[in-house]
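A.B. asks: Have a look at this one.
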Amino acid sequence: MLSAALVSLALVSGAFARAIKPRAVCADGTTVSNAACCAFIPVRDDLINDIFEGTCGENAHSTVRIAFHDAIGWSDFSDKGGGADGSMIAFGDIELAFEANAGIDEIVEDLQPFALAHGISFGDVIQFGSSVALSLCPGAPLVQTFVGRANATEPAVDGTVPDPFNPVDMILARMLDAGFQPEEVIALLASHTIAAQDEIEPAIERSPFDSTPALFDNQVFLEVLLQGTAFPGNGSHEGEVESPLPGEFRLQSDRDLARDPRTACTWQSFALDHDTMAQKFSAAMTKLSLLGQFQDQLVDCTEIIPQAPPSSRSQAFFPAGKTFDDLELTACDNAFPTTLLTQEGTTTSVARVPPQ
Ligand code: HEM
């Protein structure tokens, strides 16, 4: 009887010991759950100061973009690459030549020497870097962030990154092949609220996808729903229907996903609910960052990622001169309200994202 009690006590205390994680105190005095996270504190600080220059600007945006392009080199069904493994940097001579990766070379030029100098893997600098980048964008959620990826052993194959001129069918099929449902694709596209283009129309480089590219608000979901106008430039895509806001660039894929029956209701719901958008984005980003990785072999260092400040805008608004009547809506279970406010003043051109 006594020995049975001792055995069960030992079992209980064993389970208890496992439940209490070992804690470590880092050189700067921060207490962390796993000592491996201490090495990432200076990595975090140097990313913020040296690469992102303390802002949700071009380099922070590009780091979130490379987090996608690197990780999506993955398939649940066939060998398309190692997922979130840093192959975009390790095999940059191959992957940076893929058309869909145009422009990624610039952030690779920053992150490659940075990772080598800090002794961390390319997969970690990309995915940890993306979470740190988001922490500079007001309104962004905290993303559960793991470190400890090994360096890539093979490049991803060409064609894993969706192209903005692909039909919706093709984009959704590619994303499903990597494990993402249509709702998760739209959640990931919240990233386009901190985004601009350089490569599709180089003449208007750094033209943003919404009017507030330094905020992780839900403005992109509303503005892409506005009825478009003919593309004003003389580039190769002349004649396409584009953003009606001067200076703003609309991707064909965003426009189509916002109107496709499979995705339009999720898209519209995010235009109305920043918090749900941010929470679903966060979950999808963690999933993305673990493609090709075994979570139990990595270390969760989320506790050293700063929480982004709240956005000054909690609700999407119509840019000056636009109203509910300018929206192209799909009929969904939740009717789109007519109550969103219009920004005061007259229409002004959306400013380009400053270069870094
Ligand atoms: C559905 C598929 C997607 C397509 C077709 C697409 C396409 C594009 C294109 C064409 C650009 C402009 C690149 C340039 O010209 O410089 C861009 C920018 C960007 N994309 Fe996507 N994207 C997709 C999904 C995603 C996802 C899932 C993420 C992140 C989770 C993401 C994050 C970004 C960011 C942050 C930028 C801005 C980069 C910068 O301003 O430097 N995109 N995307």
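Placed from the backbone N, Cα and C atoms, the Cβ positions cover glycine too.
Curation plays no part in TrEMBL annotations; they are all automatic predictions.
Pasting the relevant annotations from TrEMBL:
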- 1-17: signal peptide (SIGNAL)
- ARG65: site 'Transition state stabilizer' (SITE)
- HIS69: active site, proton acceptor (ACT_SITE)
- ASP70, GLY83, ASP85, SER87: Ca(2+) 1 binding site (BINDING)
- 104-305: domain 'Plant heme peroxidase family profile' (DOMAIN)
- HIS192: heme b binding site (BINDING)
- THR193, ASP210, THR212, ASP217: Ca(2+) 2 binding site (BINDING)
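Would you situate these features in the structure and describe their surroundings?
C.D. replies: A helical conformation is recorded for ARG65 (site 'Transition state stabilizer') in the three-state DSSP classification. Counting only same-chain residues at least 6 apart in sequence, those with a Cβ under 8 Å from the Cβ of ARG65 (site 'Transition state stabilizer') are ILE104, ILE107, SER191, ALA195.
Taking the Cβ of ASP85 (Ca(2+) 1 binding site) as reference, residues of its chain lying under 8 Å away and at least six apart in sequence are, in sequence order, ASP70, GLY73, PHE122, GLY123, ARG149, ALA150, ASN151, ALA152, THR153, GLY292, GLN293.
Taking the domain 'Plant heme peroxidase family profile' (104-305) as a whole, pLDDT averages 95 in the prediction.
A sphere of 10 angstroms centred on the C-beta of HIS192 (heme b binding site) encloses 22 other C-beta atoms.
All protein chains considered, the CB of ASP210 (Ca(2+) 2 binding site) has 28 other CB atoms within 10 Å. A coil conformation is recorded for ASP210 (Ca(2+) 2 binding site) in the three-state DSSP classification, outside any helix or strand.
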A.B. asks: When the Cβ positions of the recorded positions ARG65, ASP70, SER87 are compared with the atoms of ligand 1, which fall under 6 Å?
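C.D. replies: Once distances to ligand 1 are taken from each Cβ, ARG65 fall under 6 Å.
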A.B. asks: Of HIS192, THR193, ASP210, which binding-site residues are close to GLY83 (Ca(2+) 1 binding site), meaning a Cα within 10 Å of its Cα?
C.D. replies: none
A.B. asks: Can you tell me how many other Cβ atoms are located within 10 Å of the Cβ belonging to THR212 (Ca(2+) 2 binding site)?
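C.D. replies: For THR212 (Ca(2+) 2 binding site), the 10 Å Cβ neighbour count is 23.
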A.B. asks: By Cβ count within 10 Å, point out the most packed of the binding-site residues listed: SER87, THR193.
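C.D. replies: Result of the Cβ crowding comparison: THR193.
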A.B. asks: Could you check what DSSP calls ASP70 (Ca(2+) 1 binding site) once collapsed to helix, strand or coil?
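C.D. replies: It is helical.
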A.B. asks: Do me a favour and check the Cα-Cα span between THR212 (Ca(2+) 2 binding site) and SER87 (Ca(2+) 1 binding site); whole Å is fine.
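C.D. replies: For THR212 (Ca(2+) 2 binding site) versus SER87 (Ca(2+) 1 binding site), the Cα atoms are 31 Å apart.
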A.B. asks: How would DSSP class GLY83 (Ca(2+) 1 binding site) in three states?
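C.D. replies: For GLY83 (Ca(2+) 1 binding site) - judged by DSSP and reduced to three states - the answer is coil.
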